[in-house]
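Listed in Swiss-Prot:
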type     : residues                  : note
BINDING  : 242-249, 288-292, 342-345 : GTP binding site
COMPBIAS : 42-67                     : compositional bias 'Basic and acidic residues'
COMPBIAS : 90-103                    : compositional bias 'Basic residues'
COMPBIAS : 104-117                   : compositional bias 'Basic and acidic residues'
COMPBIAS : 118-129                   : compositional bias 'Basic residues'
DOMAIN   : 233-402                   : domain 'tr-type G'
REGION   : 40-147                    : region 'Disordered'
REGION   : 242-249                   : region 'G1'
REGION   : 267-271                   : region 'G2'
REGION   : 288-291                   : region 'G3'
REGION   : 342-345                   : region 'G4'
C-alpha cells in the first residue's frame, strides 16, 4: 500500500478532512494539516477504525458500496458515436439526409452549451469543498506565544518606536497604544527620548540603562584605566640621544651585534629605528634618535615614547649644543637619564671634564653625591656595554614599567614611508595591549587592517605585545611619524573613525590661523591687549648675532615688544622653520641663506623669511611693521552741514527733518550731531536719507533732502545737522 495525503484518504472514505485529523490525534499521531502525508501503517489503522464504524450500514446495503459514483455524461463521446452511426447508415434519399444534418448541427450547439455550464458548476463545487477542508485546519493552528520580556535593555541616545518594540519583543502597535495612553502621539519611525523610553519600560517592568557615547575619533584623549591585576611587566623603551658623531649608532651597533652604521648614508642616522635586544632573559627596546640638529622635532617625538634616555657624550669632546637640546627634551618629558661617556679608548679622553660640564645642567653623578647614573664605555671596543645594559634594567625595575597585554592595542608611529612594492609601511611601537595580524586599525588620520607584521630582525610575526616595535602593511595612506594608533573591533568602525579624523584635520587646516609676516603684522598678531613679535635670528658670525639681537631689543614702540626666541650662527635650516611654525615667528637671516629643505618647508608652512645684509635696514623694516601692529589713531573730519527748515511727524517713523544742505555734503553712512543754538543736543547716525521719495547715498550742497536720525525725534526748525566721519591717521 502506497502513501497518501489526509485529504485523499478523507475523499476516499467520504468523510471530512477535519474528522480524519481528529482521529489521528486520538491515535497520538501528529499531523499539521490536510496536506500531511500518511504512512501505509497509519492508513491501515485508519481503515480498521472506519471499517468498525461502518460495519452495519455495509451489511444492510452491500450493493450501494459497490455502486460507482455517477459520472457526468460525456457529451463529446456520445456525439462521436452518433456521428459514426450516421456515417455507417447512409440513406440515398437527399431530403431525409439534409434533415438529419440540420438536427445534428442543432444538437451539437446544445451539447456544447450544456458542457460549458457543467464545467462552471464543477469548478464552483470544487472551490467550496476545498475552502471547507482548509477552514477547520486554520482554526486549529496554535496561537503565537508572546516573547518573554528582557530583564534589562540598553540604548544610546534615542530609540525609534520600532527599535524599542524589537528590544522588548513586542509589536510596534502595542508600544504606540501605550504611548497614546500616556498622551504621546507617535508613529513607528518616531524617535523617543530617554523619558519616554523609561516610562514604557517601567510599565513593562524592564530596567533601562543608557550607554554613555564616547567620541572615539579623539582616541588620544581617551584614558583606559586597567585593573592592577591585569598589568604585567613590560620591556623598557630606551632612546639613545646625543651630539652628532658622539657614537650613538655605534653604541647601538655594539649592543645589537649588527652593522647598522654601514647601511646609513654618511654614518648619520636618517630615521628613527626601533630594535629589541635580550639581556639576562629580559628584553630592552631601543629607539635610535637622529642626533643632527635638523631633526629637532624627531628627537622630541622620541622622548615622548621613551621610558629611559641614554645620553651619549664623547669623553674627548664634552658637552655640545645638541647634547644640551637632548637634556632639555628628556627633562621636558620627565624621563630618567643615564649618561654614557663614550670613546673611553681614546688617549685624550677626559670623563671628569664631561661630568663637570653636565653638573651645570643638574646631572650630578652618584659618586659625587647626585642621583644620575654615569657609565664609562667604549662602543668601539665593547668595554662597559654590559654595565650599561644592567643599569638600564635596574632603572626599569625602579620605574616599575607595566602594561596590560590583554586589550586592544594602542601606541605610536615611529616612522612611516611609501614602499613601491608594499604600499604604505609604518613602524609602530605598541605601548599597551597586543597587536595581531588582521586587526582593524586607525593610525593618525588613516585606517586599514594589519596585513603583515615584521619585527626588527625582518621576521614575520603574528602578534606584538607592549613595548614591541613592528613594521606593518595594510594602511590606506602613509601616516605621519609621531601619530597615535588604536585597534578597533571591526573594519567598518575603523573606517568611519579614520575618515572622521581626516575630515576634522582638513577643517582644522582650513581654519588654521595664517602665519605672521611683516606685511600683515597688524592683522596677524593680537593676543588680548598684549602685542608680541617673535623673531628667530640667524647670522654668519656670532658678533653679528649679538649686534642684531641687541638692536632689535632696543626697538621701542608703545604696546609692542620684541621677543627673540632663537638666535644662532649658521644657515637657516629646516629646524629653524619648524620652530617658527610652532611659535608663529618671523625668521631674519643676516648674511646667510636658507637651505633647500628650509625653503621647501617655509613655502608649505607659510613662514616669512627676511634676508638682509645691512643691520639698520633690518631695524627699519621691523620697526615699521611693529608700528603697524598698534591700534590705529582716528580723527574727526566734518564733511557737511544742513539746516532744518521744516519737520514732519509720521507714525511708526518718527520725526522727519526737511533740510537744506548749506555746506559740503551729507552721506548716508556718516555720523551726525544735532546743534541747537550752538549747543550739541545729540550725536548719532542717520537712519534714512531721501530726496523726494527716493533713497539716496549722499546729498550735495545746494540741494534739499529729508532725513531721520536713529533713535532721536526731538528735531526742531532752525536746528543745524553736522555730518562727520572718523578718519584713520598714520601713527607717528
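Each residue, glycine too, has its Cβ placed from N, Cα and C.
With a 10 A radius on its CB, residue 245 (GTP binding site) counts 16 other CB atoms from all the protein chains.
Residue 344 (GTP binding site) falls within neither a helix nor a strand when secondary structure is assigned with DSSP, and so counts as coil. Taking H, G and I as helix, E and B as strand and the rest as coil, DSSP gives the region 'G1' (242-249) the counts 2 helix, 1 strand, 5 coil. Neighbours of residue 242 (GTP binding site), defined as other CB atoms within 10 A of its CB across all chains, total 26.
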